[in-house]
Amino acid sequence: MGVCGYLFLPWKCLVVVSLRLLFLVPTGVPVRSGDATFPKAMDNVTVRQGESATLRCTIDNRVTRVAWLNRSTILYAGNDKWCLDPRVVLLSNTQTQYSIEIQNVDVYDEGPYTCSVQTDNHPKTSRVHLIVQVSPKIVEISSDISINEGNNISLTCIATGRPEPTVTWRHISPKAVGFVSEDEYLEIQGITREQSGDYECSASNDVAAPVVRRVKVTVNYPPYISEAKGTGVPVGQKGTLQCEASAVPSAEFQWYKDDKRLIEGKKGVKVENRPFLSKLIFFNVSEHDYGNYTCVASNKLGHTNASIMLFGPGAVSEVSNGTSRRAGCVWLLPLLVLHLLLKF
């Protein structure tokens, strides 16, 4: 309902009918603009929702009566207001100009407005079209989503506005990779862990600043041990074995030696777990502690393991792809003693 959708005062009903006859603007009859040098209304008027629209009509001293109409309903006739909408006010009524203002414009105000005048000869009309622009607004967007690696996802971002806004999707974290879609819908087939992170939906139509919303996409995948560190430690010293694993959800770690799980606090051993890292700490290394240890990382999607060596001084540990193995030992002191015995 536009500015014309308000009731008229009952005592003016007869005058309304008279004015319609006077100005010859019956409902449904098209009105042409520019049939004469006057009245001359503005070209199309474009305003943003919430702003004020001024409708001006240029006239001259030959005019005896003048009115502004919204479609076929009179808003103002001369100085008299026929519309009860408080947003419609008279700005000027002079020999050269007849203007009204519609305040706090809304989308239902959009449409044709007619300036109608009466001269000594016959009525004349001129029309202007009011265009209402609306800032973009995102009315529907997908919720944050958690999905297993390899599955397909579809993200939705619905926006309204006048003109119709352009919607774009962009992957912004963990690192920006530019625009990935210029559509309301973003389809990702066989999603990978690298495609996790925040996705930004932007709606713009040049009426106001773009509107931005974000969706967080979490990609779940089984653990992958990216680093497994063995170490050489003398007897009686502190030693640490490290196992680092990438996983979503975060991996849970367990340590084993000779197929037996190591329990924290037993035999001077401590297990220190963080979301992506586990440490097996020996406070006082003994000969019995040397050997091969297994780090197991697991989450709800799977598990993996790596072999890590704790060795003594002089031993060489070869580490590859999260596993370590003993390559050999060279004990320098026994060789030196043997050399001295043979010499003498």
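Note that Cβ sites are derived from N, Cα and C of the backbone, with glycine treated the same way.
Between C243 and the candidates C201, C295, Swiss-Prot records a disulfide bond only with C295.
DSSP assigns N284 (N-linked glycosylation site) to coil, not to a helix or a strand. Among the disulfide-bonded residues listed here, namely C115, C157, C295, C115 has its C-alpha nearest to that of N70 (N-linked glycosylation site).
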